[in-house]
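Per TrEMBL, these features apply:
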type: DOMAIN; residues: 6-160; note: domain 'N-acetyltransferase'
type: COMPBIAS; residues: 158-169; note: compositional bias 'Basic and acidic residues'
type: REGION; residues: 158-182; note: region 'Disordered'
Amino acid sequence: MTVPGLVLRPWLEADAPAVEAALRDPDIARWNPQGGPVDEESTRRWLRRRADWSAGDHVSLAVADDVDGSLLGSVSLHDIHAADAEIGYWVVPAARGRGVASRAVELLTRWGFEQLALHRIQLCHATANPASCRVAERAGYRVEGTLRESYQYGDGRRHDEHMHGRLATDRWPAGATGEWPG
Ligand SMILES: CC(C)(COP(=O)(O)OP(=O)(O)OC[C@H]1O[C@@H](n2cnc3c(N)ncnc32)[C@H](O)[C@@H]1OP(=O)(O)O)[C@@H](O)C(=O)NCCC(=O)NCCS
């Protein structure tokens, strides 16, 4: 799947060094906690899980630069069940602030509705993570409520979270790319 500037592709073993560095980034470690130490072995497990779609419950993709192929981030549909799914994402520090997450989330969302016939996709983020809230809003995921102290993040604290949801029948927000996956 591509939009100008980005390719969404399956994970490769060769991504291991870039993934290990990303999972060690303090913001990713805080907001996308792995539940244990990040090392070569845990990174290999992380990649193996995401490269194996055989259970049918997730679609996990690397976000790469469409020119030089460098790893920009991660986006995944997970907990896919009965036309529902959750979406998750992170972007490496060097690629932040230029629309990578919002475009990748929009692209995978469109693909999930179109190709998997999903009806609803949702995501939760800590209210202390406003960047993730903007990504969700940019990709058309409305805030549906606040969950109180609902998840323990990488800083060891339980945080309040926003629940965002998007339905296949929702209109796309102004500024969405309107491009369909190639
Ligand atoms: C959150 C994250 C994915 C955003 O990725 P990104 O590619 O930089 O996001 P985008 O460039 O698409 O920006 C989307 C919006 O977020 C806003 N934004 C980016 N960083 C922000 C920040 N620190 N505070 C507030 N808004 C921020 C952008 O301005 C943009 O909003 P706009 O369109 O109104 O200008 C990235 O910062 C990240 O990986 N953070 C650590 C891990 C994480 O938070 N994962 C999500 C867990 S739910």
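Each residue, glycine too, has its Cβ placed from N, Cα and C.
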Averaged pLDDT score, the domain 'N-acetyltransferase' (6-160): 97
Tally of DSSP helical, extended and coil residues in the compositional bias 'Basic and acidic residues' (158-169): 0 helix, 10 strand, 2 coil
